[in-house]
Each structure stands twice: as C-alpha cells, then as structure tokens.
Amino acid sequence: MLVPWRGFWNPRSKAPGQEEERHVKANDRDYNERFTYADNHIKTAKYTFYTFLPINLFEQFQRFANAYFLVLLILQLIPEISSLSWFTTIVPLVLVLTITAVKDATDDYFRHKSDQQVNTRQSQVLIKGKIQKEKWMNVRVGDIIKLENNQFVAADVLLLSSSEPYGLCYIETAELDGETNLKVRQALTVTSDLGADVAKLADFNGEVVCEPPNNKLDKFIGTLYWKDNKYSLDNEKMLLRGCMLRNTEWCFGMVIFAGLQTKLMQNCGRTKFKRTSIDRLMNTLVLWIFGFLICMGIILAIGNTIWEQRVGRNFWAYLLWDELLSSAVFSGFLTFWSYIIILNTVVPISLYVSVEVLRLGHSYFINWDRKMYYSRKDTPAEARTTTLNEELGQVEFIFSDKTGTLTQNIMVFSKCSINGNTYGDVYDEFGHKVDITEKTPCVDFSFNPLMDRKFRFHDSSLVEAIKLEEPLVQEFFRLLALCHTVMPEERSEGQSWPLVYQAQSPDEGALVTAARNFGFVFRARTPETITLYEMGQPVTYQLLAILDFNNVRKRMSVIVRNPKGQLKLYSKGADTIIFDRLEPANEELMYTTSEHLNEFAGEGLRTLALAYKDLDEDMFDEWMKKLLFASAALENREERLGALYEEVEQGLMLLGATAIEDKLQEGVPETISCLTLANIKIWVLTGDKLETAMNIGYSCNMLRDDMNEVFIISSHTMLEVQQELKERFSSSQDVGKTDMYASDSVFEETIIAECALIINGHSLAHALEADLEQILLDVACLCKTVICCRVTPLQKAQVVELVKRHKRAVTLAIGDGANDVSMIKTAHIGVGISGQEGMQAVLASDYSFAQFRYLQRLLLVHGRWSYHRMCNFLCYFFYKNFAFTLVHFWFGFLCGFSAQTVYDQWFITLFNIVYTSLPVLAMGVFDQDVNEQYSLRYPNLYRPGQLNLLFNKRKFFTCTLQGVCTSFILFFIPYGAFLCAVRDDGSHISDQQSFAVTIATSLVIVVSVQIGLDTNYWTAVNHFFIWGSLAVYFAILFAMNSDGIFRIFPSQFPFVGTARNALNQKSVWLVILLTTVVCIMPVVAMRFLKTDLHPTQTDKVRLLQQATRRQGPQEQNLRRVRRTSSRRSAYAFAHQQGYGELITSGKNMKVHTSSTSAVPSSSPGRTHSINCNTLRSHTTCSSFQHYNLGHCMF
Amino acid sequence: MKSEGEFVNQPDNTAFTQQRLPAWQPMLSAGIVIPLFTLIGLAFIGIGVALFITSQNIKVQELDYTGTATSSPCFQCSGLSIQNCTCERNFSLSELFEGPVFFYYGLSNYYQNYRQYGVSKDDYQLSGDTTYFLKPQSYCSPYQYSNNKPIVPCGSIANSMFNDTFRLYLLVNGSRKQVPFDGKGIAWWTDYNIKYRNPSPVNGSFAAAFDGTTKPVNWQKSAYELDPTDQANNGFLNQDFLVWMRRAALPNFRKLYGRITGGDYSQGLPAGNYTLQISYNYPVLSFGGTKKVVFSNVSWMGGKNQFLGIAYLVIGSLCVVMAIVMLIVYAKYKFPDNDDA
C-alpha cells in the first residue's frame, strides 16, 4: 500500500538544510519523527533565563566600544603602564553594560510573551483516535487537526474534509497576501468522504510526498499516496498558516509544514538587527577616533623616546633611577600604552548608552503623542523599536501597502448616472455643490422595511425618482439586484438586519446593498432562480445564464426571464467595454454618461457602466444550445465560451453608470501631498489589481491627469520588459530634456514632476533580475509616482531591497497585513498599521499606529526632531570628549611625555557620566529647533535630514576640530598664567593639583556654556540640568577636596584642600574667565555670521517663528486639492473569476432539509455576526459580513 | 459618544508628554550678539589694563646661582663631588623693595610632573600611619628600602627634596646684617593641618616613632630632626618639606622659601647692597637644570604676571573688533525677516 522505500534510502531528506522532498505520513508521528521537520513551535526570543547573562555579555562585548574598554581595563591593571586607576574605566563600563542589559532583558521579555501567546493558541488535534485540545506548539507534521470557523490555521495543512458540500472550504488570506476576498479550497474527493468521522480519520494513513519548505504562497506540488492510489495535490487543497477559516463550520486537515517551515514564516524574511545610518557612521567614526588615538599614542611615544634620550636620562641619573628604567625605546613603548589609557576618553564610552537613552526618550514621546492616538480604536502610536528614531528624519522613500493602509477597504455606493442624470451630489439652496461630511443629512429609507441601516446616501432626488417609479431608474436597480454573484443570508427574526449579503468582492456587496435600499431587494437565489422584493413585492426571475467575469472580458452579464416571460440580458462592466457594445441609438446617452463617468473618475471613484438588452426567444434558444455544446467541449472551452458571450453581448442599451468610492483612510491625500513636499518619494506596492491600484493612485493624488506620462509595464517576458523599460527610460529622459530647455530648473526635479510608473507583478519579477534592476531603478527614480501591483510579499521586499541597495537612501515601509511583513522587515524602518484584525505586520514593525496620516507627524515632527537632536547631541559629544581629553596630549610635551594626567582621576571618572551627561541628554531629549506647527507647515525643513547635513564626516571634523582648539586653549592659557603664578599670600599655586583644578573648572564651564549655546529650547529641565551640573561639579569638587573624605580614604583623595586654595584666588578666576571667553566667543561669532550670511531654511523658519510667536499658532492650510481633471477608470473590481459557475452548478449552496425559518441558530455564520457586532465597530463589521458566503436560503 | 472608560490607552495630555513644555528659545540675534561682544570686549580691556598696571607695579628680583659660567661665584660649588660648599651672590637695590617681600627658589628643567616621579611617595606614611613606616608601598621604589631598612618618608619626591639653604645679609656700613627669613606658614594650611600628619610620639619621644626606619638616601638628617630650632617644624610637617611635596605642574617652577617680614623689614627691603649666602648642596647641572632665587612682592592678583594682563587686553580688543565686523556684516547682509521660508 505504501511506498516503503521512501525515507530509508534518501539520506538527504534527513539533513534539514538540504531537504529535497518531504515525506509526511498521516497519523504516524513515529514515522515523521525520523525526519527532522520543524515542529510548530515558534521562537523569536533570543535568551532564556539562564543563558541571558553569558549570551548578552558576549553580544555586548562584540560591540567594538565595549570590547575596547575591556581591553583598556586589562591594560590598566598592568602597573608599568597604568597611568590611571582601573576605576576610571570600570565605573562607566559597568554602568553602560547594566543599562544595555536591562534594556535587552525587557525587550526579550516581551518577545517571550508574544511567542507564548502564539504558541499556546488552542487547536484540536486528532490523537489516538480522539480529538484532543493541544497548544499550537505541540502540533506536529503529519497530525490531523480540526479547524473551526473563524480560527486561524495553525500550520500549513492539506485539506482533507470539510463541513461544506464537495469538500469546499472558504478562507480569508488577508494575513498572507492582503486580499480580503474569500478564496475557495476544495479537498480531494477521496478524502472529503472521510467527513467528520473521527474513526475514519484516525485510520487515514496516506503519505504525502511534496516539495520542501519554500516561500511560494501560490504554489504547492505534491502527491498523496493512499490505498495504492496516487492523487496529485496542488495549492487549491492547501490551507496555509495565517489564513482564517470562514463560512465553514469545520474542516479537517493534515499538517504538512509546521512552525518556521510554513509558507508564512518562510515569507517573513529573517529578522535583521536594524541599525541606522548614524549608527554605522558612528562606528566608522569611533574607528577613526581609535586610529587617531593610536596616532597620538605613537607621537607621544616617539616624543618620550627622544625626551628620554635628551633629558630624561640625565634626570634619572640624577634621581638614581638607573636600575629602574630601561632603554628609551622601551620607555617609549610603555608610554604608548600609558597614553592609550589616559587618552581613551576620546572614544566616548558613554556615547552608545547615551544614544540609547535618547532614542528611548524619543520613542516614549512617540508613544505619548496624543495627535497620533486614534480614539476610535483606542490605539496610541507605538515605537516598537527604540533604535531607529533619528532615521525617521532621513526617510527618502516610502513603500506603502494599499489595502488597509491607504484605503479602508470599504466600498461605498456614492454616485450614479441613470439615463443621463447624475445622482449623489448634494447642493445647497444656492445651487452650489456641498462637500459631503459626517453631518450631511442622509436620505430616509424608512419606506423600505428591508433596508440596510448602515447604508448612507445623501441625495434625496434618487429616492424621489424611485418613488415616482421611473422605469429606467427601476431597471437600473433591478440590474444591480440581478447581475452579481452575491449570496444572501436570511437571519432569524429579532436581528437588526435580517438580510445579510455575502459578496466575494466588496464592490458587488456595495452595489447590491444600494439596490436593496432603493427598493430592489435581492432576497434569495437558487441555481435557477433569483428572488427580488421589488418595492415590497416578491418577484422571482429565472436565471438562465451567468456570463461570468474574467480579466479579459472585464464585464459580467446575466440572462434572466422575468415573471412576464421576457428574456433579458443585464450586463455590467468597464465603461469602455460596454460602450463598444451599445446599440448605435444610444450614442447621445453614451456621451452624457461618458461625461458623468469622467466626473466620477475625476473624484477617484470606481466606475462601472450598466446596460441591458431584451433577448429574442428563438435566438436565445439557439444560443443556449451552442452554449451547452461549448461548455461540454474539452478543447478550447474557454475561448469558445468567450466567443459565445461576445455574440450575445451586442447591441446593448445603456442604462447608466455607478460610482463606488473605495474609501480612503482619513487624510491620506493630504498626507501624501505633504510628504511629497518634503521630497519623500512614495511607492505603492500592492497585491491588488492594476486598475484598482491606479484608481487609488488617482484618488490619493499620486497620479494626476496633468502628468506627462503614466508608464504602464505589464509584459510577461523578460525581453518585453527590458524593451519597455528602455523605451520608458529614454522617453522619460526626453521629457526631462525638453523641460530642462524650457526652464532652467533642476534637471531631476522637472522629470520627477511629470511621470509615473505602474508595473505589475509579472513584469516586476523580470525587472528585478540582475540585468534589469538597474534600469528599473533608473526609470522608477525618474518618476514621481511608482505603483507596483499584483506583487507578492517577497517581491515587495525585493523592491525595497533594490532601492536600499542602490540608492543609499533611507527607506520606510508601511503596511497592515501579513503580506507586508517581509517588506516591513526589509526596509530601514517598518511601520505597521495597528488596530486591525491581524497583528503580524505590527509585530514585525518598528513603529505602529492606527492611521496612515500619522506618518506625516511621525516623520516631519518626531523624525525631524529626533534627527536634529541626535545630530546636535553627537556633535557636542565628540566636541566635549576631544576638548576634555586632548589636554593630556598638550601636557605630554611639558611633563616629559610621561602620561601624567592633567586632571584628578576622580574628575576623569566622573566627567562624562556626571558632570556633562545630563545637560546634553536634556538637550537631546527636549530640544526643538522649530516647533511642531512650523515643522508641518514647512515640509522642506525635512530636507537636511535626507541630505544628511546635520551630522556627517565633515561635521564630525568640524566639531572635533573645535574640541581640539578648545583643549589647546584650555591648556595653554592656564599654562601661560601659571608659569610664574603665586597666590596673593605669596605661597605657590603653580602646583600640579591647582593646575588640574583650574583646567578642570574651566573645562566644565566651557562645555556647559557650549551646551547652553547648542540648546535651542530651554525647558525647566534643561535649566535644572545645566545649572545643576555646574553646581554638582563644584559640590563634588569641594567634597572630594574636603578634609572629611581625606581622613576616611587618605590615599584615594590626594587633592585635599586644592579647590579651596586655588579657587579663592582672583587670578585663578581670571584665568577661568579668560579661557571660557576665548573658547566660546569665536563659536558665537561664527554662528552669528553664518546665520546672517548663509541662513539655512531652519534659521529662516526659526526667525519667522520667533517673530510670530505672539500671534499664536496659525491654522495649517494644506487643503485637499480637488482634481478638476478627468480620467476613465477601468473595471476596477476586486473580482474573481469562477463564481458564476459555482452558483449555476449550485455547488456552494447548502441543501437545507428544513425551511428558511429553521436555519440553525448555532450556525457559524450567525456566531460570526454576533461576534462581529459586539466586537467591532459597525463599519468594519459590514465589510466582513460580505464574506459570509455559503449559507443560502431557498 | 463613547464613555471615558474606552480611552484607556489614550496618552496623558500633559505639557511634558506632548512636548509642549514652556521653554525659553534664545536665538543668536544681532541685538544680543553685538552688544555682548562690545560689552565683553570693553570689560576685558578694563580688566587687562588693571592687570597690566598691577603687574607692572610688582617688583621682582631674580638671581641665578647655578654656577654654569666660570665667572659665576657659584661655579666652584657646581661640581658634583663637592660637599658643603658655600657661595655668595651680591646684589643691590636702588630703592625700597616694598614689603611684604617673598623669597623663592626656582628650578628649571626639573620634571616634578613626571608621572613615575609623582607617584613615588606613600600617602599612608605621610598621613602618619605607622604601619606603613615599616612596610612602605611599592610606589616608592627605588626609594622604598635602603640597606633593608624602610625609608621614611619613602619615594623619589621626598628623597629629592631641595636642600640648598640661604642667608641674606644687608651690608650696612661694611658690616653684614642678617635679614631674617620667616619660614613659618609658607605651606598651604590644608597641607600642614590635614593632608600630612606626623606619627604620634612613642613614649613621649617623637624620634622613637621613626624607630626601625631610615632617612631618605639623599638626606643629611632624619625627618624628625629637620629643624632643630622648632620641634613643631619637624617630620612630615616641616614647612620646606611640605612645599617640596606639593609638586609643580610645569618643569620650570619656583617655590616659596621664606617671607621677609620681621622687624625692620616689615616695610620691605630697604635700598642698599645685599649679599645672599648660599649653601650649595643641590646638584642640578647633571640634568641641565638651573637654580635661581627670586625676591618678589605680591598684589591682589598674586605675583607678577604679564601674561594675563596682555591676554586680557588682546582678547578684549579682538572682541571689540569682532563686534564692529559683525555690525557691518549685519547692516549689509541682514536677511529679510519676512522672507517666507
């Protein structure tokens, strides 16, 4: 029965990395365990309780800086070269390690929690002939599991049987590919016969041989061997992890792939540790500084060697140190290490930890922002990663998902044109068009007891027309009620909406619902009939044929016989298609309608044209025969049917057109135009169809009619794609050239303003290959708008990766579904839309919030501020450390290069972590160069971040140079003054310790003044920290130099009394004052002259802001630009082929033994709707109810 | 509307969380910067003038007595092997050297700031901890033990203590009249009272506390008998020792030897001819150093210091010049305020 040799001779299948074929035997864990297949346990956490410390420390010491300080610490323990006590390094090091470890531990804790939540979801597994509850993580490959309605599928399973007839089963794959329409899966007939019989299922011992784990969501190849028979398996029989079971009471499946090997997880891409460009720059700079440090060490070591030979040797002879000191060269060698130790503070150890603290602070500000809080779903914004904030201020490319991100995925019947009259606009008493808002009064549909209460329509003239029984208006709605593939579901009495539609596309749902409210209620269907309630009267039509939709036809028709016996064909479809098939007499109406369609399309609505035709009985009979014949044909069936459909769909009578609004999320066009002004390029990557994507492109203002060209690339072969791309490239360059001659504006800018590129998934697959990717990128970057449609999750990631790799620009990906996960993970910054059904995108994201429009605030306010703060912070930090440390370098020349420190060791220990850390942190957390209103009002303030202007290598040189100069001044002014200084009581003051205190005090004052200059926004906290740091410095100085502490630790605090004796001297204060002024005034002068001669955008806005501060913030006047242009939209339906057949064959209709009223109250559909009503807001609920296919009443 | 309870996740509306903290937002505008520069410039010029004049009024008399030149009276003493050599330097004052006059000795090319030199002492010893008398810390090496006896005070700094002594005579009518140096209180109060402590006397004898130890190699006398005239000026609290132990920051330094305040000289050194008798013990020629003595008086700003006054004048002038430059630039290139950004 089985094929016993499998699994024995094929050793490769045991190596998990090289699995070539997968063998899974149902209900046979022992067999399956021979292969090392992944179990269903998912682990994203890094540590466990016991491994945390070693692993975390190991990771931390992999960081260059930490390892460096560890080495330094070891060096300091060698007495020959130890120029500084070990505590100067260990105190900051331990502090840094602790803070980082605590942060890592918290992060990992949350990962553990989320893992556990997923792993402990309940599933029902068939074990030893019984269905038992098991956690997800305990599900194994080969297990048979039972799934129930509205449950997530736990692993990739082969569908065996289901509650529905023919082994059908409905799933929603939104988590996988973002498409929210229902998909049908059908089990093999042999297995669907197993039904829910547990005993039979337990005896099922088929073996599946299939492809190894991969990430192709739409492909599966395998074979089932059972009872000596072979059955081929394809994707139509698979339920993938992440799908949700819909409208199916239960189903049984056999686990093929589990856990990390499921297609969903394989598609997730590997979690990469994301680092910002500033991080990378920082690492480079730290390396440079390290090199600089070694150079200084070498210079000083050489100096030491020379000094030893010239001077030191005699001095040692004099001191009788001969036996102690060896050769000058060896002394130089030791000096090198000693100087590495004392100059180590140029590599700022507290840098990394301070940066982390800043980012954490910025993340909290994002979490706390009420303007990014969505009250309707009670969802605040969340910074899930705390390491990327400043990169939010540098974004150049945004990759956005469409469904759920830009759009709400709600279709609303908003306008229509019937027989040359438009309906749907609201006019005020002066005849002006009124913008429709929440407050606009709705039409009262109370005349209709079967209405859907959530349906809103604002133009009452259409209802009047209906009430006047205008025949064409009636025909219009009759068409909408008849020509579709929607399934109705009648609920038992007492429900608020007894009638619920389950549509496979939200568009159809919207149209049928509109017809319902206007009095043409679609109530029931059988394979042969459709029952309407026309203005309250039941009318049953005979359904003779459904001329189904497909992508080529772009239309669908039904042929019905009405109660009067007339044969009618009702057709709806893309306007161009319908218009081609009209009766010539319709021409005038066609022009009017066409105008209306343009108007609708101009508003970004999805349009459809409707037409009907009276059929002649004889002709129809003949046609029907041909149809039956054709549908039985084995060859070219599709083509023959198509030709027949074409034949009958001629000479149509135009009825009108509908316009459906694919509701955008709030504020999307405004956000997009604002981000565009900030010079951010927005690419839409969607799994949706070309037409839908374009439609949204138009309604979001990303595509406009005044664009020079909209390139559409939808070829299927590599060569074609290549050719098309090349053509586009040259033509777009031509556009650019002509424009360049026309105006002297920047070359690229003009081009960008003109073109748009739309590319579909097939072409993209070719274009992303190595030969073509460069030209694709070139073309795409010349275009202002890029839309990629029909792309797979992995392609989304590839596109992001392409831009990331070649453009050296910061990319941001935003999406809401599991299909966006890979893109979110690939981009520099991933943003998830939270508050939706699935959490996958949010869990993978770095930032999450509820509405697309918050992106504007995230980037232009938080991102810009973060970047500004981080850059200022870094500049200051490097400046500070150079100023602090290089004093030792200068002193080296005067102390025989002996690595004598200038400062007290305690000062060295505390300088970075106590005296100067808080003011710069306060600046880094609170600073605002321009307030939020102005940041949003002038999006071009975002430009410096993209150009990387505020912190780059040049800036780094400037600020380190400033640090070097400061250290020079800090050393040589006191040097000049102390050459022959004495106190005013004649005793000496030019001793080492007074010198140290003077320089240290000057240094602290200079860097405090400098941070004061760098702080643009002095909050109380800044005041407190800056003044506080100075106070703390003096307090600690006097405390450490005090008698008391000396008496306790005489050898640790040798500076006793120095502060007192030095700082009561006027001359010392004069030196400090002079040093401070000399260090600071040039900076002030430079900055003033710079803002005066070359003001940056920021300077201008700051000045403006200061000038207008008294007037209070002004209202932002970024308004939605009404597009006056027109465009023809295609048949932009989220439609699928094949539903017509399901209906006419009656496959998807349940045969109820009882009557209508006896629909079991516990039916899953109903359960769903109850959940739906209680848990979700009404709007989302309705959209989900459309999917409740499968329960149909007769 | 939804009830309050549904907004559980709503962030707090505080100035802090919403980043609306009231703040002072200074800008470097012309109205601040130019007056600031002018003000600082003028103030600095004022201070500079005051410092310069004060410094000019301070009198300094320096005498080098290294004896490198053969003509120098101390040449005879500069040889390495010569012991107990005395030489004299004569000088004359044409007018009263206003008091109080301070007498310094100065060394050059002497690296008291060398790291290994600087650590070569035992702080525990010096704070009077007798357990370290017998077991000095290793920092003191090579002056930790001498002939297997612990050295107290150990280390290079103590060992290399300056040991030239000076006597100043005023020639009055051909006879020498000694001008007394007051060596009391020349060290810092904190050094004398807190930082350094003598060991407690053993059985009433101060010297007994040093039992079992030996004096530093270069010293002629033990620590407890440095000043036979004053019992309190011995051990680690000897003023000259304290002054020496406060290491100089730079290789050229001067240290206070004594004040001239006593009796007839409270007003200063009167005009006349003086002889400085030097007992020349301290060898500096071997490492190319020089020795000198300095007579100086002080002002409110301490000793004579031309550097500060000149620096203040220069910086003050630069600030004023800068203010003028900025004023011109501002007037000429002032960017329009109402430039809509």
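The backbone N, Cα and C atoms fix where each Cβ goes, glycine too.
For the domain 'P-type ATPase N-terminal' (A:24-90), the model gives a mean pLDDT of 83. According to TrEMBL, the domain 'P-type ATPase N-terminal' annotation covers A:24-90.
If you look up TrEMBL, you'll see A:285-307 (among others) marked as transmembrane segment. Below 8 angstroms of C-beta separation, residues 64-65, 68, 328-329, 331-333, 335-337, 339-340, 343-344, 346-347, 351, 878, 889, 892-893, 896-899, 953, 956 of the same chain, each at least six residues beyond the ends of the transmembrane segment (A:285-307), sit close to that stretch.
Look at TrEMBL and you will find A:327-353 (among others) tagged as transmembrane segment.
Annotation source TrEMBL lists ATP binding site at A:Asp401, A:Lys402, A:Thr403, A:Glu508, A:Phe549, A:Lys572, A:Arg606, A:Thr686, A:Gly687, A:Asp688, A:Arg790, A:Lys796, A:Asn819, A:Asp820. Reduced to three states, the DSSP call for A:Asn819 (ATP binding site) is helix. Other Cβ atoms within 10 Å of the Cβ of A:Asn819 (ATP binding site), summed over all protein chains shown, number 32.
As annotated by TrEMBL, active site, 4-aspartylphosphate intermediate applies to A:Asp401. Around the Cβ of A:Asp401 (ATP binding site), the number of neighbouring Cβ atoms within 10 Å comes to 28.
Positions annotated as Mg(2+) binding site by TrEMBL: A:Asp401, A:Thr403, A:Asp816, A:Asp820.
What TrEMBL records for A:842-1096 is domain 'P-type ATPase C-terminal'.
Sequence annotations record features per position, and here TrEMBL assigns transmembrane segment to A:873-894 (among others).
Taken from TrEMBL, the feature transmembrane segment covers A:906-926 (among others).
Look at TrEMBL and you will find A:956-975 (among others) tagged as transmembrane segment.
The transmembrane segment annotation in TrEMBL covers A:995-1013 (among others).
Within its own chain, the transmembrane segment (A:1025-1049) has Cβ neighbours under 8 Å at 904, 906-907, 910, 914-916, 918-919, 921-922, 997, 1000-1001, 1004-1005, 1008, 1011-1012, 1015, 1055-1060, counting only residues six or more beyond its boundaries. According to TrEMBL, the feature transmembrane segment maps to A:1025-1049 (among others).
Per TrEMBL, the feature transmembrane segment maps to A:1069-1089 (among others).
Under the DSSP three-state reduction, A:Arg790 (ATP binding site) is assigned to coil, being neither helix nor strand. In three-state terms derived from DSSP, A:Phe549 (ATP binding site) belongs to neither a helical nor a strand segment and is classed as coil. Each residue contributes its Cα atom, and for A:Gly687 (ATP binding site) and A:Asp816 (Mg(2+) binding site) these two points are 13 Å apart.
Of the recorded residues, A:Asp820 (Mg(2+) binding site) and A:Thr403 (ATP binding site) place their C-alpha atoms 11 Å from one another. All chains included, 33 other C-beta atoms sit within 10 angstroms of the C-beta of A:Asp816 (Mg(2+) binding site). Separation of the C-alpha atoms of A:Arg606 (ATP binding site) and A:Asp816 (Mg(2+) binding site): 23 Å, rounded to the nearest whole number. Separation of the C-alpha atoms of A:Asp816 (Mg(2+) binding site) and A:Phe549 (ATP binding site): 29 Å, rounded to the nearest whole number. Using a 10 Å Cβ-Cβ cutoff, A:Arg790 (ATP binding site) registers 20 neighbours. In the three-state DSSP scheme, A:Asp401 (ATP binding site) falls into the coil class. Counted within 10 Å of its Cβ, the other Cβ atoms near A:Arg606 (ATP binding site) come to 26, all protein chains included.
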